[in-house]
Amino acid sequence: MAKGFLANLKGVDAFGKTTEDVKIKTRTGAFLTLISAAIILSFTLMEFIDYRRIYTDTSLLVDRSRGEKLSMRMNITFPRVPCYLVSVDVTDISGETQRDLSSSIRKMRLDPSGKEIRGSRSTSLKNDVEKYTEDMPADYCGSCYGGLEPASGCCNTCEEVRTAYVNKGWSFSNPDSIEQCKREDWATKLKDQANEGCSVVGRVRVNKVAGNVHLSPGRSFQSNSRDVYELVPYLRDDGNKHDYSHTIHELTFENDDDYNYRKARITKEMKQRLGLNDPLKGTTRTTTKPQYMYQYFLKVVSTHFRTLDGQVLKSHQYSATQFERDVAEGGRGDTPQGIYVQHGVSGVPGVFFNFEISPILVVHTDTRQSFAHFVTSTCAIIGGVLTVASLFDSMLFATTRALKKH
């Protein structure tokens, strides 16, 4: 019974065999076999390379993050603005203001040729003359010379006197007549650094809302809910050419993950692979006008990178447009085409980075083909090549036999 069932089972064999005696081997068949093997190896190798290749899928989502902060990393050189007068200020739409940042900013004085002056590095952008107050008596109270006195009622430094003048609406045009300024040798310090440049390097921590970061030669003061820039010493005719020409070596927005060295390295590699470069890197702008304003409008987009091992790295990318004009013209001016224009805001000299946060979240996900897909593709390659070669060999064999008969 079993033998009969097994004998009948042979009838469904889809792979019929022939004996060696009835097989006919030809040189054409051998040539096709070698070509088929070469094709199979080539296609299988390409399929393996494709299997090992990493693909990046990009998707857009709504950014639902709330209450986060981001860091703006900068490296900017001003060849004709002394560090003594540079300040970094931050304001945002929430009303938060950071003036004269110093904790995470480093300045380096540059000589007229652009080389760093040795021993000039400092992590503070504050006026160096404030060190003189350490030698004053504890009960010392300097006069504000009629200016608007601070809450303490004393102006112990030349800078405080200047602030009092600005808050009063007066021009601070004669510091040599002020006791504090003469004691600190304020005018001499200004003249000694008048022909120097400045390199500003560091990070600025900002809220994840619309705002601006501006660098300006001069100190900013809060007066009547607006910034007033007292630039008399900077604009004074001292025989040196001062202007806001600058070079942006680096300007990027970072997340907290970028403070982790390993994550920052992976993020940098992924950005380079995807071509997400700093759009303002290497930007150079020059002018010969002292009262010139440069504005950069940045659209910051949150970006997540998902690696093959499941890590989620958070970062940012941005796009940039720019605008520049001479603020000496006030709120009015003409375009190069001779068209009269009027500006709603008169503006102040400096370099301004106005940034907005996009509501879109870009997610880049690394993917790779599955092993099952690789095996299936390899089998399809082998079967397809052999089948086509077999058909082609049969056609050639039949044609050759037909020709020989005739």
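In case you wondered, yes, glycine gets a Cβ from its N, Cα and C as well.
Pulled from TrEMBL, these are the features on record:
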DOMAIN    9-98  domain 'Endoplasmic reticulum vesicle transporter N-terminal'
TRANSMEM  30-49  transmembrane segment
DOMAIN    144-393  domain 'Endoplasmic reticulum vesicle transporter C-terminal'
TRANSMEM  371-398  transmembrane segment
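With a cut-off of 8 Å between Cβ atoms, the residues of this chain six or more beyond the transmembrane segment (371-398) that come close are 24, 26, 28-29, 32-33, 35-36, 39-40, 43-44, 47-48, 51. Taking Cβ pairs closer than 8 Å, the transmembrane segment (30-49) reaches residues 374, 377-378, 381-382, 385-386, 389, 392-393 in its own chain, all 6 or more past its ends. Taken through DSSP, the domain 'Endoplasmic reticulum vesicle transporter N-terminal' (9-98) splits into 36 helix, 27 strand, 27 coil. In this model, the domain 'Endoplasmic reticulum vesicle transporter N-terminal' (9-98) carries an average pLDDT of 82.
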